[in-house]
């Protein structure tokens, strides 16, 4: 599914739902007498009332986190600067949060903004993440906003064939540009990881090569860690 299509998928086709609520019709068999008023059916009126209050649940609950790497040297332990911001579990709550937070181009230098499945912390030490790894994409400064949104939509909309492998994503703002990383939980599962990498590129219409680094390699070798998979 193309990136723009995913955004449309997260909206609601009210016309189709109204048609279903009205019994699938749409045509009036009998002509109206002059001055006659068509009364709204009880089914349609009931549907319209529900549409205002009913929320559309996601496959998983997700949590937004914020971190500022420039403060880490002053912390007693790595990760203590992480802040849990907001947890959402419906389409409506996602948009409510997304529309009221800074997008990557507006974040301060050194900021890391995360969106992870609920109860998974964006740290290597988290039990779900411990044996995983990351796919990474690079962007020029101020150019990652749309790709970040489409990454979020692909994750929370369960667009990946191996969506259960995904832990979350993070956008990092640095002096040289911005990076988006997609975290997965089982780095050794090459078939799943390669599938995720290929689909991610497709969703974002991203043409450059992207690489996958194991968390174990990153912990041991830091910036010297090499890509295990490339797509």
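Heads up, the Cβ atoms here are built off N, Cα and C, so glycines get one too.
Sequence-remote contacts of a segment are chain residues at least 6 beyond its ends whose Cβ falls under 8 Å from one of its Cβ atoms, and for the region 'EIF4G-binding' (56-59) they are 12, 88-92, 94, 156-158, 163. Here Swiss-Prot flags 56-59 (among others) as region 'EIF4G-binding'.
Taken from Swiss-Prot, the feature region 'EIF4G-binding' covers 66-102 (among others), and the record attributes it to similarity to another entry.
DSSP assigns residue 222 (mRNA binding site) to a helix. The mRNA binding site feature in Swiss-Prot is assigned to 74-79, 106, 124-125, 174-179, 219-223; the stated evidence is similarity to another entry.
Annotation comment: Swiss-Prot describes 129-167 as disulfide bond, evidence class similarity to another entry. Long-range neighbours of residue 129 (disulfide bond) (same chain, six or more residues apart, CB within less than 8 Å of its CB): 120, 121, 122, 123, 167, 183, 185, 215.
The feature region 'EIF4G-binding' is assigned by Swiss-Prot to 150-159 (among others).
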On the DSSP side of things, how many residues of the region 'EIF4G-binding' (150-159) fall into helix, strand and coil, could you say?
7 helix, 0 strand, 3 coil
Close in space, distant in sequence - residue 177 (mRNA binding site), Cβ under 8 Å, 6 or more apart:
138, 139, 140, 141, 143
Counting other Cβ atoms within 10 Å, pick out the least crowded of the binding-site residues 106, 174.
106
What is the number of residues in the region 'EIF4G-binding' (56-59) that are helix, strand and coil, as DSSP sees it?
0 helix, 3 strand, 1 coil
